[in-house]
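What TrEMBL says about this protein:
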- CYS272: active site (ACT_SITE)
- HIS331: active site (ACT_SITE)
- ASP354: active site (ACT_SITE)
- ASN394, ASP396, GLU443, GLU448: Ca(2+) binding site (BINDING)
- 264-357: domain 'Transglutaminase-like' (DOMAIN)
Amino acid sequence: MTHTDSVFMGMDLLCQVNSHAHRTEEMAVERLLVRRGQPFSLALQCHTTLPPKHKLAIILHLGKEGEVVVKVLDARAGRDKWWFRQQGAQSEVLLTIHSPADAPVGLYSVTVLLLSPDGHILEKTTPETFYLLFNPWCKADSVYLPDEELLEEYILNENGLLYQGSWDQISSLPWNFGQFEQDVVDICFEILDNSPAALTNPEMDTANRADPVYVSRTITAMVNANDDLGVVSGRWDGKYDDGVPPTRWTGSVPILRRWSEAGAQRVRYGQCWVFSGVACTVLRCLGIPTRPVTNYSSAHDTDGNLNVDYLYDEQLESVSEGRKDMIWNYHCWVESWMDREDLPKGYDGWQALDPTPQERSDGVYCCGPCPVKAVRDGDVGMKYDAAFVFSEVNADLVTWIVYPDGQRSQVSLNQNTVGQNISTKSVYGDYREDITKHYKYPEGSVKEREVYEKAGRRVTQPNGAPGQLELKIKHAQAILGTDFDVIVEVHNVGGEDTPAQLTVTSNAVTYNSLHRGECHRKTASLTVPAQKAHKEVLRLRYDHYGACVSEHNLIRVTALLQVSGQPEVVVQEVNIQLSMPQLHVKVVGDAVVSRKLIAHISFTNPLPITLRGGVFTVEGAGLTAAREIQAPDDIGPGQEVKVKLSFKPTRAGLRKLMVDFDADRIRDVKGIATLIVRNK
């Protein structure tokens with residue numbers, strides 16, 4: 001057919017109509033993004049009506065090089081086939097394409113062919129591209145979640161909260177997931193394209209992208225940069241001069257863009273909440289319902305014995321240094337919702353996925369997807385990594401005294417420390433939902449003991465009868481930059497006066513239990529009268545802790561009590577979270593798309609020392625890309641600094657502007673402004 005009598009003029013992807021129907025309009029309306037298992041339409045524009053007995057055919061190509069070819073059938077087909085129907089409308093043909101609910105997700109190109117009555121190709125359209133995503137609104141999709149309120153949060157909400165702090169002093173960090181920001185969907189598929197499986201066997205990898213188990217496991221491996229061309233490099237030693245301190249990030253988008261723009265070069269640096277925030281962005285963007293989760297007093301049990309061992313010498317100095325068994329103040333991962341067709345019945349639903357590089361799984365630093373139900377029920381053999389997640393929420397804390405000859409003696413056992421207040425953001429607002437019951441049965445219940453035995457954990461008892469001396473540690477709310485008291489109470493619940501040696505230490509630690517320096521140590525010999533209490537006061541001065549406190553602003557106070565002439569040792573430990581100041585953020589102007597707004601940001605230095613090198617970082621999905629503003633000068637004790645910036649919102653709706661402030665001696669100061677942006 002010559003050019004002059006060609007039939008096709010072009011193709012309209014009907015992006016606006018399709019994106020509204022497929023709930024992708026926040027991502028883009030000038031590109032086609034659709035969800036699998038749900039029909040979408042294209043308008044074929046023609047110079048003339050189709051010649052009689054001529055047919056249309058549709059061919060799809062999938063994969064980086066278009067290596068997977070799919071023929072779209074021209075008659076209604078089964079659920080597992082692509083098919084289309086056509087409707088003539090003057091000089092246009094409306095093509096409605098049906099995708100299977102288990103089609104691989106990815107970037108497809110679509111070409112429409114004009115076939116002669118005997119099947120020869122007479123003409124073809126210029127290929128157009130579209131993204132196919134998972135569809136949690138579709139019953140036949142393995143990520144189907146039948147609750148609109150949950151989908152509103154776990155797919156469509158671009159803002160969230162990541163929980164930090166400690167089990168008895170929980171704090172929340174606002175996080176900008178930004179899964180619908182410009183180019184984020186391209187970066188998410190770029191991450192999949194750079195996985196080792198995609199680079200070695202692209203055709204098999206493309207086919208496997210139909211399976212959310214495969215895709216989510218790949219993402220947890222690729223969010224950390226330990227084995228591959230992954231996104232974020234983890235660091236916990238406080239040395240971040242060649243990158244961005246983990247506490248400075250306020251969202252995932254700058255991290256993803258930085259990785260992509262540098263040609264899949266790792267972004268320095270992240271810690272567990274950063275890994276979980278980035279993973280949540282990617283999985284929500286791909287269409288898998290996902291929520292960030294925080295486990296308090298989270299065990300890292302490297303030898304798999306379901307114990308975390310703390311070792312002290314006879315002088316009650318810690319000799320645990322260098323051991324990898326430890327309890328993190330908190331640890332963040334994500335849960336994604338999906339069917340587990342690869343497992344026996346009963347393990348569908350929430351799956352734990354941990355992108356923080358801790359231990360290898362099948363030779364790679366990743367963890368999950370692990371059915372949360374398998375963790376609760378002690379089914380530690382379930383794929384993937386159920387034994388590791390089980391120990392994170394269930395391990396025992398065992399304290400030992402190590403003698404000069406290397407022998408050691410168990411002096412205490414705590415079975416209730418690990419796995420507390422497991423938290424996620426509520427779907428009903430900016431407050432915490434406790435999901436501990438999904439991971440474990442109530443402490444001390446019959447069911448809990450059954451699970452321990454099933455998981456191969458011995459149900460142990462502490463050595464001997466309970467002692468007559470008990471320890472308690474109390475403190476008022478501690479504010480960074482101030483001096484404060486810690487009170488150690490020794491209670492004698494027995495009938496005799498009891499002599500003992502008390503050692504109290506305070507150490508600056510990171511949230512994952514790395515020691516940054518001893519702040520203070522006090523030793524006292526005391527005799528506690530029967531049925532009475534002795535109080536020892538430890539005054540913690542900023543002069544002691546200011547120079548060594550970590551960016552997580554945590555002081556760990558450990559009290560060890562040794563009864564004179566007896567092997568009994570009582571150990572008590574508290575983590576004191578130093579309260580941080582807040583930034584004040586006020587936005588002035590009418591919040592309307594494309595209209596200029598001004599944000600006024602102020603910070604008052606709470607420390608008794610001058611702060612240098614202050615920098616504000618600002619970002620917000622639908623408001624502004626990440627920007628940095630240097631503080632104009634050094635900031636003296638008690639001095640206020642003010643900065644302002646202007647921006648134009650790009651999208652309507654409830655929007656959050658996140659602000660972070662970092663300086664040489666204070667980090668992770670946050671502020672937030674919430675605004676409702678309207679269309680013009």
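Each Cβ is built from the backbone N, Cα and C atoms, and glycine gets one as well.
Geometry remark: HIS331 (active site) versus GLU448 (Ca(2+) binding site), CA distance 22 Å. The Cβ neighbour count for ASP396 (Ca(2+) binding site), using a 10 Å radius over every protein chain in view, is 23. Counting residue by residue with DSSP, the domain 'Transglutaminase-like' (264-357) contains 15 helix, 40 strand, 39 coil.
Only ASP354, of the recorded positions ASP354, ASN394, ASP396, GLU443, GLU448, have a C-alpha within 10 angstroms of the C-alpha of CYS272 (active site). Non-local neighbourhood of GLU448 (Ca(2+) binding site): LYS440, TYR441, PRO442, each in the same chain, at least six residues away, with C-beta under 8 Å from its C-beta. Averaged across the domain 'Transglutaminase-like' (264-357), pLDDT for the predicted model comes to 91.
In sequence order, GLN415, ASN416, VAL418, GLY419, LYS440, TYR452 are the residues of the same chain, not among ASN394, ASP396, GLU443, GLU448, whose CB sits within 8 A of the CB centroid for the Ca(2+) site. All protein chains shown were included, and the count of other CB atoms within 10 Å of the CB of ASN394 (Ca(2+) binding site) stands at 24. In this structure, of the recorded positions ASP354, GLU443, the smallest number of CB atoms within 10 A of the CB marks GLU443. Cα separation, ASP354 (active site) to ASN394 (Ca(2+) binding site), rounded: 17 Å.
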